[in-house]
């Protein structure tokens, strides 16, 4: 019985201290799994160089992170949300409704999205047109909008080998999917001129035409990957004809298994993305709750450290890992130092 | 039988009774059926064993690498003009030198070592420094802050090398495979070869993998499972402290005291149902109740333990009830017959006899909870979490931490293949725990179980 008493009292102590342990002493971050590696590198270096404990970085996706960010102000809500896309209007509104009014937006740099296939397979030089033709649910053939008939890459573009089309694209819950649709499929749709056909078919409605453009085929040629890039890699490993969509940093860590395809004749690299030559890239952000600055120790220091030259600059560890440094980093540093909030002038 | 009676003429009238050694067709068929069934059984066991062998071989071959790590021995001159410009050994001034300030010292030390060993290389000191882990700078800084008096001296260190170099030492990375790799080059591998031949770069057992904390994506070589092991430990303490008393009390009441009626029937059915609920559901429940409603801290082992308690309770209740039922009624009757109260008969006689069964059930329930990942995903225990060892018992329950299965899941998602190896290594450690717990359960049952 004494054991029962002991364990009961141990739990009681823990429960009491749970309510009294209001003073959280480490920064809590959650959000995009694309930003997670960068945030973890910063958090680790932050813990090593400052007297604050190492911040905790959870993954879960941009949308989930921003949702938790917007739950309210207080110790048991997160301080920073990582996002691989800009915060949306409705999220800002949801935040405001919950009392999170002052949000500091910090753009940390750019991330490239690359197309890669098995290292021993054929080499590809893509254009957005090729991807649109290969994956869109409907394409224009002889002036008619028909269900996508292409089965092999040489049907899409005579320069390609006769390899069956098998694409592994990020699922709809990923921020990467949005970029893939906008910068590749939609760009190809517009460039090939098929957009006009969609517009005509949708009664001149541009929005509906765009939506029809980016609708991917569902006959098994294009596979949505809801997991992480490791899953895409495993799929390519088992289907050597597969071509997958990856983040640049992931590809650079797995160059022994993957070869990267060029896009519009540009090889993806941090340099070609920084100059804007490589077309498929997107900015990465994190959002800071201003109300928590001064309450959670180390929050502002963490945000400033994240965008400091020695971290996020072109020679810093983030760039080394695959982040494309923001050319306007100085302005970002100023914005963080001044705690400039969203929509608050500036 | 009807067939026979319809055609009586064909049946021999007086068939001699066959010898028992003479098997008739029917017996042969029955024996053949038995033989076939035995074969099926052996085949089933064979398939099971084969799966086990494949699984264990895969885990062991993929994971043992994680227990070894490559190190480079270097003597570093802790230059005063870099580390303590004012020269007054003021700890605050020393702390101002960030980890980035230590990188040149390490590169210089490596360059000196290469010259001392007479190794020819075209690499610049910075390029040479890239074969070392990024964790070295932090290690060195921590050492200097802990021992400020050593500034100015030359100190010998054992540094971790980069995950690519470590992969090369383990045969995972080859000269061919790094053709497009930006993190490492062939001249660097040539340098590694020469350092290895000189005996300063070697592979050895790495206790930091078992006891260390998680590391960021850039330094897989420094990552360890120790902190998340502590997270698992604190979670198991919560589960044990809650699930055992609640589960045992509930089962004793249901089995010994509760009247048999509709209500107890419903409770009984629901306990069985609860045991079959997918664990992710408990995660969602935990998020809604413990974090959003009760405002307990996220990612805390306390919350993880509470969620796993919900999951383990049915297992404990079911096994406890089974072992209470197995105690023969004569024990209870005898106790009541000599004047014991109902409660005395239960606590003095029935419960001690049922204890081995209860313990076995509890240990198996704990083992199940230890390997559970799904509910932890929802209460924020996956990510870069297990980076600080908790500094005390209360912090152990309340400060964010991961758990072993969650840490393995997280590692398997990361880009660098070196993390993949660590994920398998983590599986080995987790399996050792599970096998140990199950073995203890079996031993307890064997040694203390009474049969009537």
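Heads up, the Cβ atoms here are built off N, Cα and C, so glycines get one too.
Heads up, TrEMBL stuff is auto-annotated, nobody curated it.
Model, not experiment: these values are computed from the prediction.
Looking at the stretches B:229-254, B:385-410, the one that TrEMBL records under the feature transmembrane segment is B:229-254. Comparing B:39-60, B:350-371, B:423-444 for CB pairs under 8 angstroms to the transmembrane segment (B:300-318), the maximum falls on B:350-371. Sequence-distant neighbours of the transmembrane segment (B:39-60) (same chain, 6+ residues past either end, Cβ-Cβ under 8 Å): 424, 427-428, 431.
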